[in-house]
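Participant: My questions all concern the structure below.
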Amino acid sequence: MSAPQDIVKQVEKLREELEYHNRQYYVLDTPEIEDNEYDALFRQLRALEEQYPELDDPNSPTRRVGGQAAPGFEQQQHSLPMYSLDNVFDLDGWSAFVDRVHRGLDGFGRVAFWVDPKLDGLACEIVYENGQMTLALTRGDGVTGEVVTTNMRTVRNLPLQLKSSPLPTRLEVRGEVVMLKRDFQRLNEMQEEEGNRAFANPRNAAAGSLRLLDSSITAKRRLSFIAYGVGDVAFPEGATPWKTHGEMMAFLEDAGFTVPFQASLCESPEDVAAYYQRLTDERETLPVEIDGVVAKVNSLEAQQALGFTARAPRFAMALKFPAVEAETILESIEIQVGRTGVLTPVAHLQPVEVGGVTVSRATLHNEEEIQKKGLLVGDTVKVRRAGDVIPEVVRPVTEKRTGKEEKFVFPTSCPSCGSSVERLPGEVALRCLNVSCPSVMRRKLTHFVSKAGLDMTRVGVKLVEQLIDKGIVSHPADLFRLHRAELHKLDRMGEKTIDNTMKAIDAARTESSLERLIAAMGIRHVGEQTAKTLARSFEDLEAIGAATVEELTALPDIGPEVAGSIHAFFRNADNHRMIEDFREIGLWPRGGKGEEPVAESAVAGKTLLFTGTLEGMSRPEASKLAEAHGARVVKAISSKVDYLVAGAKAGSKLRKAQELGVEVLDLEQFLAMVQAPGAETPAENAVEFDTVSEGSAEPEKAASDAQGTEVETRSAGSADQYSLI
Ligand SMILES: NC(=O)c1ccc[n+]([C@@H]2O[C@H](COP(=O)([O-])OP(=O)(O)OC[C@H]3O[C@@H](n4cnc5c(N)ncnc54)[C@H](O)[C@@H]3O)[C@@H](O)[C@H]2O)c1
Ligand SMILES: [Zn+2]
């Protein structure tokens, strides 16, 4: 008997829909529906396929691993396929899985499970040959992935070289590339400021950032790699292979990988259920977004006995969390004008509690987003904080419309100054391009004095706002020309406060570093790290302004896009005037050689020369890596060279170096130096995870500050702490 026609149609439609969303999600990194909506469609299709086996199709989305390669990347096959995971949404589903496992493992005795959080990022495989990282591939469609080796090398917690014993001759480490919640928040704020599309969630931000063609931008995005398994492995002779998943994870941890925090060995299915409940409560407090927990049969022999379906292992199951959502009313939409003139719509919501936090505002990113979601002012809306620090308006509840809702008309002129707004080519945002727009100036100035800028805490954002409102100050340089009499005009300014303010302003003028001044100017794409690089490489602002795009691109951590933005900034007449003002008032810090190089690794501040054929890495790649860690790379040998890194078939340079007494390193030694422990991570960026092995210590509840920018979990009892950047 064949399936009824309407069922055939429904199955076709579901497959088409799922294919469409797969492409949006995996290839374009811009999903249009929520994961739980996608999961519901997926389950619907699977149920129909089970009911009507005659409709089975090996190409059905239920039978395949999701993704496809994005254009622009070289592709390569995995030596062993990378699978997805089957998932359940409640403990009944979990029990059904446990029964299947027991049936499949008849005679194996008691089954223990290795359980860890389900990290929401994208799967990646890193290949090591004799301990050297040689290749990184995304999961792709499970068979073929995108080659992302250069970009993965910029991920700071990924070991480029392994020092494990035994050292496998080949090792494929599998794990998740993730972005910490707070890095995601920062990135989206920047995307908005720059008129670009905001990412829907940390997973999409991680996927979009890893698959960029300019690796210097990937480097800025602060991705992390968390290892959860191994693909192919070849042990040296005499080594004993692992017997359990837990042993394998211990090996990865010893070899220098960050492994899932709070992994635990559960002796029974009930222990897994308790672990799932516990993480359901704690997920909001974790620094990375997780969307469930993953339980794997611990014995590797049992894993092998159970095997795989076309899409997923039979020995593992993802227990997904329910979505944390709430309903409220979208009362109004306000337009904010940012530092770069970008107009951002902000939703004002009737206050509602979502996952323990009261939410009353949420960014709607841009006009396109409002249209895409079909939001009307007055709508009942679903609001979510799916682990994100930032609340999000998910969609309108159209069933609850009364007819009184109104379409939001995006302004065609700036709400602050009335100038007409424009959309620059290639951007989604509308901008006010008026350089003296009060809103823009206000945001520029507050950024200038803030922590991200000159850090003039003694002056303070509040005071600056008053000065702007009273028309006393409108450009950064005006601050340094203030008179006492002008400060008298402000509220609550006694002689003593005025003294202190004047002193603080003068201190900022004479003591600010070039690095801070560059960061304060708010150049597109220039954050703290690039400001540091520029300050280290140039003598002063004038020298940076004189640099060509080529000279800028040659610097570590600066790619073509960033270089173009710096170059354009210094050629803008208003910016030029601002810089001349800085010189005139004596805010003219010096950079270049005079500045302390930041010790990031053992090669920071050293001069290096590469020669010969380096195994698994091209010479330009090695140079970029050295520069990214603060070294200077030269092309000719002289006694000024600190280290010569010599590969195979090194010739005259090696001889000359030996004559001159220059220290010679092989690639392995060089990589070890690059990764030498030291000040890799600026303390403020460190997030510590604790690993609770064997389900021992209970982690303390995380503390998060009012803005939710800093989220830390810490546990007093655990010895092993990871610094994840
Ligand atoms: N919103 C959309 O339009 C849309 C479209 C497609 C897919 N999706 C979402 O993606 C899911 C399917 O994606 P998927 O196939 O990538 O699978 P998945 O994310 O459901 O699970 C498999 C993946 O989990 C990862 N993982 C994370 N932590 C792990 C751990 N500790 N151990 C082992 N693996 C771990 C691995 O990368 C593995 O590939 C859907 O269920 C849906 O939620 C959403
Ligand atoms: Zn304006």
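Glycine residues also receive a Cβ, built from the backbone N, Cα and C atoms like all the rest.
Pulled these from TrEMBL:
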- Lys118: active site, N6-AMP-lysine intermediate (ACT_SITE)
- Asp35, Asn36, Glu37, Tyr38, Asp39, Ser84, Leu85, Asp116, Arg139, Glu176, Lys296, Lys320: NAD(+) binding site (BINDING)
- Cys414, Cys417, Cys432, Cys437: Zn(2+) binding site (BINDING)
- 715-725: compositional bias 'Polar residues' (COMPBIAS)
- 598-675: domain 'BRCT' (DOMAIN)
- 53-73: region 'Disordered' (REGION)
- 681-725: region 'Disordered' (REGION)
Participant: What is the separation, in Å, between the Cα atoms of Asp35 (NAD(+) binding site) and Lys118 (active site, N6-AMP-lysine intermediate)?
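Facilitator: Between the Cα atoms of Asp35 (NAD(+) binding site) and Lys118 (active site, N6-AMP-lysine intermediate), the distance comes to 14 Å.
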Participant: Using all protein chains in view, find how many other C-beta atoms are within 10 Å of the C-beta of Glu37 (NAD(+) binding site).
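Facilitator: Excluding its own Cβ, the number within 10 Å is 15.
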Participant: Just to confirm: which same-chain residues, 6+ apart in sequence, have a Cβ under 8 Å from the Cβ of Arg139 (NAD(+) binding site)?
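Facilitator: Result: Val65, Gly67, Met82, Leu122, Ala123, Cys124, Glu125, Gly145.
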Participant: Within 10 Å of the Cβ of Cys417 (Zn(2+) binding site), how many other Cβ atoms are there?
Facilitator: 16
Participant: Looking at the recorded positions Glu37, Leu85, Lys118, which has the shortest Cα distance to Cys437 (Zn(2+) binding site)?
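Facilitator: Closest by Cα distance to Cys437 (Zn(2+) binding site) among the recorded positions Glu37, Leu85, Lys118: Glu37.
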Participant: What is the Cβ neighbour count of Cys432 (Zn(2+) binding site) at a 10 Å cut-off, with all protein chains included?
Facilitator: 25
Participant: Looking only at the domain 'BRCT' (598-675), what is the model's average confidence as pLDDT?
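Facilitator: PLDDT averaged over the stretch: 82.
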Participant: Which one of these binding-site residues has the most other Cβ atoms within 10 Å of its own Cβ: Leu85, Cys414, Cys437?
Facilitator: Cys414
Participant: Does any of Arg139, Cys414, Cys417, Cys432, Cys437 have a Cβ within less than 6 Å of an atom of ligand 2? These are the binding-site residues; tell me which, or none.
Facilitator: Cys414, Cys417, Cys432, Cys437
Participant: Go through the binding-site residues Asp35, Asp39, Cys414 and pull out the ones with a Cβ less than 6 angstroms from some atom of ligand 1.
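Facilitator: With ligand 1 as the reference and 6 Å as the Cβ limit, the list reads Asp35, Asp39.
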Participant: When the Cα-Cα distance from Cys414 (Zn(2+) binding site) is computed for each of the recorded positions Asp39, Leu85, Lys118, Lys296, which gives the smallest value?
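Facilitator: Its closest listed neighbour, by Cα, is Asp39.
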Participant: Taking the Cβ of Asp39 (NAD(+) binding site) as the centre, how many other Cβ atoms fall within a 10 Å radius?
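Facilitator: Other Cβ atoms within 10 Å of Asp39 (NAD(+) binding site): 15.
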Participant: If you measure from the Cα of Asp39 (NAD(+) binding site), which of the recorded positions Lys118, Cys417, Cys432 is the nearest?
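Facilitator: Comparing Cα positions, the candidate nearest Asp39 (NAD(+) binding site) turns out to be Lys118.
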